[in-house]
Amino acid sequence: MPITPQEALQRTIEHREIFHDEMLKIVRLIMSGELSPVMTAALITGLRVKKETIGEITAAAEVMREFSTKVHIADKKNLVDIVGTGGDGSHTFNISTCSMFVAAAAGAKVSKHGGRSVSSKSGSADVLESLGVNINLAPEAIARCVQEVGIGFMFAPNHHPAMKNVAPVRKELGVRTIFNILGPLTNPAGAPNILMGVFHPDLVGIQVRALQRLGTEHAMVVYGRDGMDEVSLGAATMVGELKDGQVSEYEIHPEDFGLPMASNRALKVETADQSRAMLMSVLDDQPGAARDIVVFNAGVALYAANVVGDIRAGIERAREAVASGAAKSRMERLVTLTKQLAA
């Protein structure tokens, strides 16, 4: 007998797992709008209180991928997503978005999946719009951006239309639910590699194992011990790495790579315009913590994308991409191409 939503809810109340096939069924009901808002709210809250298992998260991500509007990229060699769960409350400028330009200039192809701000003052979509990027391109146009510039931005609401069935419930609940951690697991271009920042230390081990089950090739899941969902300069960064099917967990430190430690206070912004200004200062190769943290994150992304064999080599490549102006040129080319394709 297939599980009913009421039985699934009872499981969460008893702190018992909803098994893979059962979870597929329940999440399909939620995503298709067949469950009432009350039942949806009860289930996603129950899962959160019980703590979602790796199996439940994996099944939910599979359904979200199933319902998504895909971007078809033929050559996925060195294709990487650089993404954060958001919600770390650190209010920093768009580090992962800036890292995307640097990584692309240094040899990766980036299919970045993002949205508007969650807890930050400026989400990836907000800052890209302020730079002049058209974020509402058709899937074919996004694939062309990846092919020609090495960067494609997929604005999450355009690729996950079924999420509209959950949006009012999530908004009214106002607390984190499983959907906060599913977005980064559901890259619409099927990027085989990923650098993912998470907002809680427990998620490092959970998300990297979910990615393992979802068939990711090379993943770096990171949490800065100062609370950042990025590779941090202010503290050690916890890493969950998936490579060759195996998971390893360890820590990295900026000083191991010759980068000075710096508090994330220097990286805080209030608006999308301030975020844009800080991002541009990095692309203009202005020394300081902003440039260092972008080079660090882009270096890890280049390693995740298998462009380089280790993080140190990635950081060197990232430094060169900024210093030569290649990263800034990628940003300008993306702006130009997205405007042409939207015309």
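Glycine is no exception: its Cβ is also placed from the backbone N, Cα and C atoms.
In the three-state DSSP reading, Gly84 (anthranilate 1 binding site) counts as strand. When Cβ atoms from all protein chains are considered, those within 10 Å of Gly84 (anthranilate 1 binding site) total 27, not counting its own. The feature anthranilate 1 binding site is assigned by TrEMBL to Gly84.
TrEMBL lists Gly84, 87-88, Thr92, 94-97, 112-120, Ser124 with the feature 5-phospho-alpha-D-ribose 1-diphosphate binding site.
Under DSSP, Ser96 (5-phospho-alpha-D-ribose 1-diphosphate binding site) is assigned to a helix (H, G or I) in the three-state scheme. Ser96 (5-phospho-alpha-D-ribose 1-diphosphate binding site) counts 26 other C-beta atoms within 10 Å of its own C-beta, drawing on all protein chains shown. What TrEMBL lists as Mg(2+) 1 binding site is Ser96, Glu230.
The feature anthranilate 2 binding site is assigned by TrEMBL to Arg170. Less than 8 angstroms from the CB of Arg170 (anthranilate 2 binding site) sit Ile44, Thr177, Phe179, each of them six or more residues away in the same chain.
The Mg(2+) 2 binding site feature in TrEMBL is assigned to Asp229, Glu230.
Feature annotation from TrEMBL assigns domain 'Glycosyl transferase family 3 N-terminal' to 6-67. Per DSSP, the secondary structure of the domain 'Glycosyl transferase family 3 N-terminal' (6-67) breaks down as 48 helix, 0 strand, 14 coil.
Marked as domain 'Glycosyl transferase family 3' by TrEMBL: 77-327.
Mapped onto three states, the DSSP output places Arg170 (anthranilate 2 binding site) in helix.
Confidence in the domain 'Glycosyl transferase family 3' (77-327), given as mean pLDDT, stands at 94.
Residue pair Arg116 (5-phospho-alpha-D-ribose 1-diphosphate binding site) / Gly84 (anthranilate 1 binding site) shows a Cα separation of 12 Å.
In the three-state DSSP reading, Glu230 (Mg(2+) 1 binding site) counts as coil.
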